[in-house]
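**Q** The active site, proton acceptor annotation in Swiss-Prot covers Glu106 and is backed by sequence analysis. Per Swiss-Prot, domain 'Radical SAM core' is recorded for 112-345. The annotation disulfide bond is assigned in Swiss-Prot to Cys119-Cys350 on the grounds of sequence analysis. Taken from Swiss-Prot, the feature [4Fe-4S] cluster binding site covers Cys126, Cys130, Cys133. As annotated by Swiss-Prot, S-adenosyl-L-methionine binding site applies to Gly176, Glu177, Ser208, Ser231, Leu232, His233, Asn307, with the evidence given as sequence analysis. Per Swiss-Prot, the feature active site, S-methylcysteine intermediate maps to Cys350; the stated evidence is sequence analysis.
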Amino acid sequence: MAELNKTKVRKELRTERPSIYSFELDEIKQWLTDNGEKPFRAAQIFEWLYEKRVSSFEDMTNLSKDLREKLNTRFVLTTLKTAVKQTSQDGTMKFLFELHDGYTIETVLMRHEYGNSVCVTTQVGCRIGCTFCASTLGGLKRNLEAGEIVAQVVKVQKALDETDERVSSVVIMGIGEPFDNFNEMLAFLKIINHDKGLNIGARHITVSTSGIIPKIYEFADQQMQINFAISLHAPNTEIRSRLMPINRAYKLPDLMEAVKYYINKTGRRISFEYGLFGGVNDQVEHAEELADLLEGVKCHVNLIPVNYVPERDYVRTPRDQIFAFEKTLKSRGVNVTIRREQGHDIDAACGQLRAKERQDETR
């Protein structure tokens with residue numbers, strides 16, 4: 001049996017039977033051609049994967065038995081197993097998925113008036129080391145394959161199928177730094193955006209980075225219509241370095257230059273995520289400083305009242321202070337909103353459920 005074209009297969013993929021969810025339509029067409037099959041079968045395979053959401057290759061009944069055997073020999077469908085599922089009173093659902101090698105990752109379904117949004121994970125753990133985040137506890141174990149990211153959305157969609165609902169948007173803001181897994185992230189974006197894939201519109205997809213500057217330039221050059229966000233969390237270098245050690249490598253002034261390049265290249269505005277930490281970055285003077293930093297930048301600021309993480313020392317900003325911060329930014333002409341909080345009664349903070357399960361395993 002012909003192998004997949006190695007120039008097309010990303011180096012992060014496992015050499016043994018990778019998930020078929022890792023491959024774009026053109027890659028499957030090429031594999032079919034190399035194995036004596038008609039390339040139009042690729043569209044049929046995509047239909048079985050993303051519209052009918054089958055659980056095995058045997059269920060792909062309009063494919064020949066020989067082709068189904070070839071698929072089963074070369075690929076697996078998915079390696080995700082649901083280990084834990086939590087449901088909040090507000091409808092938020094958090095999934096802990098176990099991977100083929102025993103590692104676990106988190107995925108969150110958030111319900112909004114405008115639809116259902118899925119927050120996906122791109123890495124097992126994270127190397128960035130943000131001092132407020134549960135995702136970095138235990139460090140980085142490995143990157144996810146595109147198929148492991150795609151399968152998160154498919155798994156959540158299968159859960160929604162029970163109530164005839166649909167995933168309407170995707171945010172890449174789960175565990176890990178997406179730009180640390182750049183090629184697999186791009187493949188994921190193309191697969192879920194494809195009209196024969198999950199067909200999620202580009203403007204309903206958001207990717208967030210902590211600020212890996214070279215990849216911001218590379219992402220801008222992709223000219224994708226994907227929404228783009230940066231985890232900023234500070235109005236100046238001193239505070240950002242305290243909260244986010246990555247700022248020591250990729251400094252704030254250089255980050256802002258990359259932001260301007262992205263905006264000029266794509267014509268799109270950028271979002272800044274700004275977590276409010278009591279007594280650290282949440283004073284009115286910090287809001288004034290943030291407004292100075294963002295002056296003339298085509299952007300939106302998303303203020304985030306932080307979730308409590310037991311392993312971290314930060315405290316929540318009082319509600320009236322959050323509103324004062326927002327009011328100050330608005331008075332300076334900054335487009336700003338306060339993120340609606342969800343999942344209070346479950347392990348909602350990013351990486352929190354995974355960290356909790358890891359603690360239970362070591363007891």
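Including glycine, each Cβ sits where the backbone N, Cα and C put it.
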**Q** Rounded to a whole angstrom, what is the largest C-alpha distance between any two of the residues Gly176, Glu177, Ser208, Ser231, Leu232, His233, Asn307 that the record assigns to S-adenosyl-L-methionine?
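**A** Per the listed residues, the maximum Cα distance equals 19 Å.
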**Q** What three-state class does DSSP give Cys130 ([4Fe-4S] cluster binding site)?
**A** coil
**Q** Sort out the sequence-distant neighbours of Cys130 ([4Fe-4S] cluster binding site) for me: same chain, 6+ apart, CB within less than 8 Å of its CB, listed by position.
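**A** Spatial neighbours, sequence-distant, of Cys130 ([4Fe-4S] cluster binding site): Thr136, Ser210, Ser231, His233, Leu243, Met244, Pro245, Ile246.
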**Q** How far is it from Gly176 (S-adenosyl-L-methionine binding site) to Glu106 (active site, proton acceptor), counting Cα to Cα, in Å?
**A** 10
**Q** Cα-Cα, whole number of Å: Cys133 ([4Fe-4S] cluster binding site) versus Cys119 (disulfide bond)?
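**A** Rounded to the nearest whole number, the Cα-Cα distance is 16 Å.
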**Q** So which recorded positions are near Cys126 ([4Fe-4S] cluster binding site), with CA atoms within 10 Å, out of Glu106, Cys119, Glu177, Ser208, Leu232, Asn307?
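**A** Glu177, listed in sequence order.
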**Q** Would you kindly give the Cα-Cα distance separating Cys119 (disulfide bond) and Ser208 (S-adenosyl-L-methionine binding site), rounded to the nearest Å?
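**A** Here the two Cα atoms lie 11 Å apart.
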**Q** Between the Cα atoms of Cys119 (disulfide bond) and the residue listed as 'active site, proton acceptor', what distance do you get, rounded to the nearest Å?
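**A** Cα to Cα, Cys119 (disulfide bond) and the residue listed as 'active site, proton acceptor' are separated by 9 Å.
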**Q** Between the Cα atoms of Leu232 (S-adenosyl-L-methionine binding site) and Glu106 (active site, proton acceptor), what distance do you get, rounded to the nearest Å?
**A** 23
**Q** Rounded to a whole number, how many Å is the Cα of Glu106 (active site, proton acceptor) away from the Cα of Glu177 (S-adenosyl-L-methionine binding site)?
**A** 14
**Q** When DSSP is mapped onto helix/strand/coil, what comes out for Cys119 (disulfide bond)?
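**A** SS state of Cys119 (disulfide bond) = strand.
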